[in-house]
Structures are given as C-alpha cells and as structure tokens.
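Let me begin by presenting the structure, written as structure tokens, before commenting on it.
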Amino acid sequence: MPARPRIALVPGEPAGIGPELCVRLAQRDWPVDLVAYADPGLLQDTATAFELPLELLDINAPSHAGALALAPFPLSKPVVMGRPDPDNARATINALLAAGQACIGGELQGMVTGPVHKANINAGGIAYTGTTELLADQAHTDVVMMLASPELRVALATTHLPLREVPEAITPALLERCIRITDRALRRQFGIGKPRIAVLGLNPHAGEDGLLGSEEKAVMIPVIERLRTQGFQLSDPLPADTAFLPRKLTHFDAVLAMYHDQGLPVLKFSGFERAVNITLGLPYPRVAVDHGTALELAGKGEADASSMAAAIELCAKIAARANEIP
Ligand SMILES: NC(=O)c1ccc[n+]([C@@H]2O[C@H](COP(=O)([O-])OP(=O)(O)OC[C@H]3O[C@@H](n4cnc5c(N)ncnc54)[C@H](O)[C@@H]3O)[C@@H](O)[C@H]2O)c1
Ligand SMILES: N[C@H](C(=O)O)[C@H](O)COP(=O)(O)O
C-alpha cells in the first residue's frame, strides 16, 4: 500500500449535485490522495461556476487542497444542470466500473461515490438498480448495504427490490449471508470486537407469534438460533416500530432491516447530513453519500457537502485500518 492511501472520487450523475460536491471538497486537505474518475471539462466548468480553484493532475500524482488527480471519463453530451441525459449514462457507469477495477487491482485503496440517477442509467440502455449491486457483480461477491451515521448503523437484507418481492427474497441463506457479512464488517471495518446486531422482523409486531405473518418463525428464528450457537450476538426478530427507540439501540452496534424503507427513513430522519452509505463485503471500502442527485439543487450552490465529506473521512479511515486488522 502507498504511504498515503489513494481513493477514487466519482461524482455520479453529471447533471446532479455530485460534481459540485466533489469540487467543493477538493478545496480541503485530506489524509488520502483523491483521484477523480470524471469528465475533466465538467469538473473545470463546475469550479469556474462556483469561483473555486481547481487543478487536475496526472492520475498518479498526489492530490492537495485545490487539486485532484484525474482519470478522465469524457461525457458524450454537454451537461445541462438538473437535466440528466441518457447519452451520458455509459460514461457515468464506466467511471464507477473503472474505479472499482482499480480498487480490485490494488492501485486504489477505496472509492467514494456521489449519487447516481437510477432511471437515467436505465434510460441510457443500461440495466442498473444501484451502485451497490453494480460493484458486487463486478467483484463477484455478496454484499450488504449499510447506512451509517455517528449514532446509528442500519444494514439492509434486501436493497433495491419491489416491495412485493421482499418476503420471497428473505431466505435462510440470504439472512445468514447478511448476518455474516455485517458481523465481519463491524469487526474489520468499524473495529468492534463483538458486534451485537438487532435483527428486525419482517411483519408488523415481528409477526405477533404467527398471527401477523409466518416469516419470523419459519425462516428467521431458526437462522438466528443456529448462528447464536456459533458465537454471533443477535436479537430475536424485533418489532421494527419500536426497535429504534434510543433506549433499545444502546444494546446494539447495528440494526439489520429486512427491506430498504424499513430501515432507511429512520436513519435519514435522524442523521441525513452526517450519514454515509457503505457497501459491506467488497474487497475494498466503497463509501457513498446518503442522499440522491437532488436535481432541483444542481448548479445552485445550495447542496450540503457534509455526507460526501463524511464518506471521504470514513473511506480514508477504513483504508488506513485495512493493513492493521487481520
Ligand atoms: N447514493 C446514491 O447514488 C443515491 C441515493 C439516494 C437516491 N439516489 C437517486 O437519486 C435520485 C433522486 O432521489 P430522491 O429525490 O429520492 O432523493 P434525494 O436525496 O435526491 O432528494 C431528497 C431531498 O433531499 C434534498 N437533498 C438531497 N441531497 C441534498 C444535499 N446534499 N444538500 C441539501 N439537500 C439535499 C433534495 O433537495 C430533496 O429535497 C433517484 O434517481 C435516486 O435513485 C441515489
Ligand atoms: N439505497 C440508497 C439510498 O437510498 O440512499 C441509494 O439508492 C444508493 O444506493 P447505491 O449506493 O447502491 O447506488
């Protein structure tokens, strides 16, 4: 590993707030070298629009305040802020995949990503449900999406899936995989010795002893009981409506929610500007913002850069820790 970790900074949707966040955060000194995987013209135009200095350096150069190393990914069409263009979808995805490949190959030690507009990528003819899934496929590995704020960590058993498909997706194998990946990441990436995971039930009141749904008894409890015998610290399926009470959360290091909107509204309500999205299970740290493309704010200078700043900080911390923890 180089003396200073090198981390990709990928803006995501060019017509969203991602490029502005990258240019603003390039003004700071970081304990890592930042390598932008982006269209150089877009970054320079953004810097000019906000009257910020920006130097784009060779891909292997060290970055510093006001200067980013650059891996160029030219867009096909000029960017109109707030209006994603499907013709730019390919370059957006290629930048993410190239950064992922550089992380897998060891040239980079992690990746920070801005928000991607899922519908625009699909309108560009590329099947895409999220960057989590894209990078998992590329690395041929199972992953878990976790959103984390300073107060709360929420992992998801299922991610970008229509709600009607969720119950069938929650199989014993999936649940076991998610628990193992989450437990391992809490140890290795967050430095927690004996992680305690709160597992949320799928149904109201965690099924109310079978009255309101059978998945807890039929699928979840057997997996939880088996993994407990192997040393995992897991709750029984908890009713999701009260699992997030602050008093209850003190007993756990992370919450495993069964689906996207069971866990993320609580996390985003409690820590929208400070939370990040981390992909657990990849062979490198990938940390993203906790928000979307916010098209209505693009180009206006009103976007809050705190989540991307927190993403760079966490990615840098995990990259530095990678060599310390077996
Ligand atoms: N990390 C990601 O790639 C990611 C995350 C979430 C959503 N998305 C995508 O983004 C698109 C828009 O999604 P959405 O509208 O549901 O969510 P959004 O996060 O873009 O917007 C929700 C609200 O939060 C505000 N907001 C978001 N980020 C902000 C910031 N940094 N500073 C100030 N205000 C901010 C917006 O103005 C809006 O009012 C969708 O295509 C979605 O799939 C991507
Ligand atoms: N589920 C995330 C959220 O709501 O914040 C988001 O869509 C981003 O997911 P990817 O990192 O997989 O694109």
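Backbone N, Cα and C atoms are what each Cβ position is placed from, and that goes for glycine too.
From a predicted model like this one, the values you see are computed outputs, not experimental measurements.
Summarising the annotation, TrEMBL assigns substrate binding site to Thr132, Lys268, Asn277, Arg286. According to TrEMBL, the divalent metal cation binding site annotation covers His160, His205, His260.
Locations of recorded TrEMBL features on the structure.
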| residue | record | DSSP (3 states) |
| --- | --- | --- |
| Thr132 | substrate binding site | helix |
| His160 | divalent metal cation binding site | coil |
| His205 | divalent metal cation binding site | helix |
| His260 | divalent metal cation binding site | helix |
| Lys268 | substrate binding site | helix |
| Asn277 | substrate binding site | strand |
| Arg286 | substrate binding site | strand |
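Cβ neighbour count within 10 Å across all protein chains ranks Arg286 highest among the binding-site residues His160, Lys268, Arg286. All chains included, 23 other C-beta atoms sit within 10 angstroms of the C-beta of Asn277 (substrate binding site). For ligand 2, the binding-site residues lying close by, meaning a CB under 6 A from one of its atoms, are Thr132; the full candidate list was Thr132, His205, Lys268, Arg286.
Note: the CA-CA distance between Arg286 (substrate binding site) and His260 (divalent metal cation binding site) rounds to 19 Å. Over all protein chains present, the Cβ of His260 (divalent metal cation binding site) has 20 other Cβ atoms lying within 10 Å. Here the candidates are the binding-site residues His160, His205, His260, and by Cα distance the one nearest Thr132 (substrate binding site) turns out to be His160. Note: the CA-CA distance between His260 (divalent metal cation binding site) and Lys268 (substrate binding site) rounds to 12 Å. If you measure from the Cα atom of His205 (divalent metal cation binding site) to that of Asn277 (substrate binding site), you get 27 Å. Here the CA atom of His160 (divalent metal cation binding site) lies 17 Å from the CA atom of Lys268 (substrate binding site).
Most other Cβ atoms within 10 A: among the binding-site residues Thr132, His205, that distinction falls to Thr132. Distance from the CA of His160 (divalent metal cation binding site) to the CA of Asn277 (substrate binding site) is 14 Å.
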